[in-house]
């Protein structure tokens, strides 16, 4: 296998969600400087789900007009839009416009919608494009997708975003009855200034999108990459061949010739019951990892202290590409293993959710072991379910191009259902209570 192709596939995958992931980790620095304040995350969640119009359009085109959509052209378009939008974000994220007598961050919200459309649409375009390369490179793509969350988080750590120091706050309490006064000491959480500005961070994200664009160019035109096509052919250009690629898998090494098709899906290797099972697991896993648990991460971790919160966020981002790396050497396609890992990861997710519900006084809140268990829980949760996502990706890649399009649609559907569930619970009914990293007092 070509190391250059592995690197390009990784850089290509990195551009899939790097802009939205970067925006999320930058929120502690952005929120104090805009009129929306901490209502911004709920607005972002709504915008991201509205952006599913992009993958919906692509999926419907693949279903009803196979071959009519130029896949490479769509990818060039969305990466270009992502690059320009993140670059413009560096200039206009603080600009406000008066709407209905109230200042609003219109530029930030509009550019966020474009970024969300780019990232959501990548789920149904980047994965099918990887059909042009051998199966091994799909796992490398997933590593890059994991790095799209890890890299912005590491840069934000270097930037110093969200670093809190607990400072003594003196309060005087006057007692009028005996004209005496007493002084009490309280701890107040104070965010530290960043090492570099949000503008620089957005320019970094724009550079990452540009790297993704260059990687995609090389994946299309570099001669060494062309040799990594499953059948050794150069990229097909005719309309007839693109339509063939929509309807049939380019590579089916795990299905013997003349084997009776078990269903009308993909190569027919799986029965309809198994296909439904795969897509239900896909939607469930992506709902948990993309929306449900991340929306309560601060509630589950902050009661154990700011260090536990930052460690869990960082190590969870490390666990994602690590799971993809493991899958590269152990690409197991067992549906039974997939189910077992899904149950295990979901069980750990139940523990995390339970601690979030109990916030600000979860189990072992005043013990070091409580924070250690929470960090390990986040690592195990992300590790197991990320491996499941790679297993499903490899399985559907063997089923053909259209199967990977539906894989991307399943990812977005699961994320949408998770958001529809969690946005009212977290942002409307305020079901969860935040823990104070400096003043958590529990009986």
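All positions are counted from 1 along the displayed chain.
Glycine is treated like the rest: Cβ placed from N, Cα and C.
Features as listed in TrEMBL:
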REGION    229-258  region 'Disordered'
TRANSMEM  38-61  transmembrane segment
TRANSMEM  73-93  transmembrane segment
TRANSMEM  105-129  transmembrane segment
TRANSMEM  141-164  transmembrane segment
TRANSMEM  200-219  transmembrane segment
TRANSMEM  270-288  transmembrane segment
TRANSMEM  308-330  transmembrane segment
TRANSMEM  335-358  transmembrane segment
TRANSMEM  370-396  transmembrane segment
TRANSMEM  403-432  transmembrane segment
Would the transmembrane segment (403-432) and the transmembrane segment (141-164) count as touching if the test is at least 3 Cβ pairs under 8 Å, pairs 6 or more apart?
-> no
Under an 8 Å Cβ to Cβ limit, what residues of the same chain, 6 or more beyond the ends of the transmembrane segment (105-129), are close to it?
-> 12-13, 15-17, 19-20, 23, 30, 34-36, 40, 43-44, 47-48, 50-55, 58-59, 62, 71-72, 74-75, 78-79, 81-82, 85-86, 88-89, 92-97, 99, 138, 141, 219, 393, 397, 401-402, 404-405, 407-409, 411-412
Leading stretch by Cβ pairs under 8 Å, where the reference is the transmembrane segment (141-164) and the options are 38-61, 308-330, 335-358, 370-396 = 308-330
Lying 6 or more residues past either end of the transmembrane segment (370-396) yet within Cβ distance under 8 Å of it, the residues of that chain are 127, 135, 138-139, 142, 146, 266, 278, 281-282, 285-286, 288-289, 293, 297, 300-301, 304-305, 307-308, 311-313, 315-320, 322-324, 326-327, 331-334, 337-338, 341-342, 344-346, 348-349, 351-352, 355, 362-364, 403-404, 406-407
For the transmembrane segment (38-61), sequence-distant contacts whose Cβ falls under 8 Å of one of its Cβ atoms, 6 or more beyond its ends = 20, 23-24, 27, 30-31, 68-69, 74, 78, 105, 109, 112-113, 116-121, 123-125, 291, 295, 405-406, 408-409, 412, 415-416, 419-420, 423, 426-427
Cβ contacts under 8 Å made by the transmembrane segment (200-219) with residues that lie 6+ beyond its boundaries | 5, 7-9, 11-12, 14-16, 18-19, 22-23, 26, 29, 75-76, 79-80, 82-84, 86-87, 89-90, 93, 129, 133, 151-152, 155-156, 159, 225
